[in-house]
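Asker: If you scroll down you'll find the structure; I have some questions about it.
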Amino acid sequence: MMGAEKAELGMEELELEEGGGSPSPSPMTAAGKMQALDFEHIGSLAAVAESLSTGSKWRRALTSVRVVILQAKINVLLPFGPLAVMLHYLSANHQGWVFLFSLIGITPLAERLGYATEQLALYTGPTIGGLLNATFGNATEMIISLYALKNGMIRVVQQSLLGSILSNMLLVLGCAFFAGGLVHPSRDQVFNKASAVVNSGLLLMAVLGLMFPAVLHFTHSEVQYGKSEVSLSRFSSCIMLVAYASYLFFQLKSQRSLYSPIGEEEEVTEDEEEEKEITQGEAICWLFVLTIWISILSGYLVDAIQGASESLNMPVAFISVILLPIVGNAAEHASAIMFAMKDKLDITLGVAIGSSTQISMFVIPFCVVIGWIMGQQMDLNFQLFETATLFITVLVVAFMLQEGTSNYFKGLMLILCYLIVAASFFVHVDPDSTGDNK
């Protein structure tokens, strides 16, 4: 009996070791899982630490420099900026070269400023992005104008801003329509007609604001000669700034559907997501750096305008109205053509016509107010020749946009109109070459 009991006990122990012992590996399995989780946790922390390490930041910074500076072929013109600064201090007899080198050196900076703005716009949405494009696209013109205004070169300010409007409406929009029509020759490209009509109305309001001070001056019907037109200009500038602020509220808040692009917005969003090449913080940093460098070169550019006019045998009016805006509009020119070739005409109009609207309704009145603060007699009397040119240009472009379609022939007509305007300013003698308005 005792042997049988021992045998049974031995069998039970064996069963416990085989069957009942199955829970014994579970602590080992749990420990293994915990160890694996720890390794995964440690690995994720290591990846985060590596991404935040100094080496990773430097690599990201170098990548950003490579994308913004080294990839664009137009940046081969960047050395002309430092050369202009060197020439300015080496010799006072090379103002023509200083002007040309500054002009060439600002061109890639303006284009890169537009690129950084477009990258930032991808993070802000299409409506805010279009406003950013127009604002920073006009940063070059505004900086040049403020430098000229500080030096008392009021006619240069007026003519360069007028030239920016003419360049955007005729040359930039014309080249965009022409390029888009060549890429899509079998059909007319379509854009939002309602948005174009609103912008045309604002441009006509700007012409009205510029016309009355000029008419008041040349008809000698002022209450106080030389003072009434300045007072009227300052009052009209404040009204135009209010109108532009109302337009922004109308565009961004009240009637956003009016400005929605024609076509599927989802496809546009997907395309823009693929185009993100730098981060939002990097785009803001590049905007800051590029704006400072453009400001430095603008000072040398403005100082050399008069000497360049004499050495190059070109009228100051031609330099101010034609040459300066072409450089300042380099960003708008490139982006407008690119979007037109991609059949995104609403963005093209937002860049070209939106930029003209912002200059006429914001930048020009803003310069009048800043001149008021500085004690400069900056007004809206752009002289009869310039005002008539702007009026006819606005009418021509308004007729081109009224159908809501574009093709290469419309673009060609706008380009040819710009050539006529450029030739007219080449033979135009500014009646006031001393820098005063009167």
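Don't overthink the numbers, they just go from 1 along the chain as shown.
Note: Cβ is positioned from N, Cα and C throughout, glycine not excepted.
Automated prediction, rather than curation, is the source of TrEMBL annotations.
What TrEMBL lists as transmembrane segment is 67-90, 127-149, 161-184, 196-219, 231-250, 283-302, 314-340, 347-374, 380-401, 408-429. Positions annotated as domain 'Sodium/calcium exchanger membrane region' by TrEMBL: 97-252, 283-425.
Surface or core, plus neighbours and distances: that's what I need for these features.
Answerer: Using a Cβ-Cβ cut-off under 8 Å and counting only residues 6 or more beyond its ends in the same chain, the transmembrane segment (161-184) has close neighbours at 138, 141, 145, 203, 320-322, 324-326, 328-329, 332-333, 336-337, 339-341, 343, 345, 348-349, 351-353, 355-356, 359-360, 363-364, 367, 382, 386, 389-390, 393-394, 396-397, 406-415, 417-418, 421.
Sequence-distant contacts of the transmembrane segment (408-429) (same chain, at least 6 residues past either end, Cβ-Cβ under 8 Å): 166-167, 169-171, 173-182, 185, 314-315, 317-318, 321-322, 385, 389, 393, 396-397, 400.
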Asker: Report the listed stretch (196-219, 283-302, 347-374, 380-401) having the maximum count of Cβ pairs within less than 8 Å of the transmembrane segment (67-90).
Answerer: 283-302
Asker: May I ask which of the stretches 196-219, 283-302, 347-374 has the most CB pairs under 8 A with the transmembrane segment (380-401)?
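Answerer: Counting Cβ pairs under 8 Å, the winner is 196-219.
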